[in-house]
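The domain '3-hydroxyacyl-CoA dehydrogenase NAD binding' annotation in TrEMBL covers 5-183. Per TrEMBL, domain '3-hydroxyacyl-CoA dehydrogenase C-terminal' is recorded for 186-282.
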Amino acid sequence: MSVQKVMVIGAGQMGSGIAQVFAQSGYDVILNDLKAEFVERGLGVITKNLTRQVDKGRMTEDEKNAVLSKLTPSTTLEDAKQVDLVVEAAVENMAIKTDIFKKLDEFAPEHAILASNTSSLPITEIAAATKRPEKVIGMHFMNPVPVMKLVEIIRGLATKDEVYQTIEDITKTLQKVPVEVNDFPGFVSNRVLMPMINEAIYTLYEGVATKEAIDEVMKLGMNHPMGPLTLADFIGLDTCLYIMETLHEGFGDDKYRPCPLLRKYVKAGWLGKKTGRGFYTYEQ
Ligand code: CAA
């Protein structure tokens, strides 16, 4: 199946990155969010990223403008009627996602594939909100999207082989590496990553070491590019908590219980880098 027009839903950290890589690979992209100001903010981040590429001599000003011209802002899901593929990157909330997918099912053409960038929610359940579960799939990008090579591709129970193949082929055109996984809570990436981050938070909570020491151990001892507490701030503590809750509920196993300190920070609104405070403080 030929895919040329793509709609990305959610212009936040992940959605703007996804829109950028599609536009840079020559796709026509509709970037959608609830309000025009959210879309503008996302486009601003993309412009900043591309300008950095120009400054580094990796892209010309003309090339940058060509990429930007591929992006069309949108605040209505009805714009899905123009596209071959939708990648949803809205907040991690099942009720919101199923509502979006119901509407997309109504507006998107019959041939269109509906993908979700969910980091842990069941693709099969999202697909069940539509009348085309065979065309629903997980396409999980990593943050920061323009830099990270992996796309975890998740098959729902009903996802057709040809839909999987199309998404795998598209992923390669984005200069990313597709990895196929099945639909279980957290898939592979967050099933492995989040319990490690949660355990790092427990070591802080129990006073085993300072936050700096915990991060240093994992950076210097395990060669991780960022310590787990810095990474949690970077991902967003609300997202980390949501994923831990999805694992806890999905497997019914207490080994996935979220650390109380993580809950406390989220309740305080200390969500990490995006709010200026998490385990560390950041200049806004
Ligand atoms: N957007 C675009 N480009 C970015 C960026 C961003 N937000 N942040 C950094 N970059 C680029 C920089 O411009 C730089 O590019 P060049 O090499 O081309 O000059 C490059 O990335 C390296 O950046 P820095 O030198 O500033 O810093 P660094 O070497 O520490 O790398 C990093 C930054 C890539 C973020 C690195 O620290 C890293 O890999 N961290 C771990 C990231 C990670 O684990 N991501 C997965 C999170 S989990 C997830 O996403 C899934 C989920 O469901 C929660």
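Each residue, glycine too, has its Cβ placed from N, Cα and C.
TrEMBL entries are annotated by machine, without manual review.
What you see is a predicted model, and the numbers here were worked out from it, not measured in a lab.
The helix, strand and coil residue counts that DSSP assigns across the domain '3-hydroxyacyl-CoA dehydrogenase C-terminal' (186-282) are 67 helix, 3 strand, 27 coil. A mean pLDDT of 97 is what the model gives for the domain '3-hydroxyacyl-CoA dehydrogenase NAD binding' (5-183).
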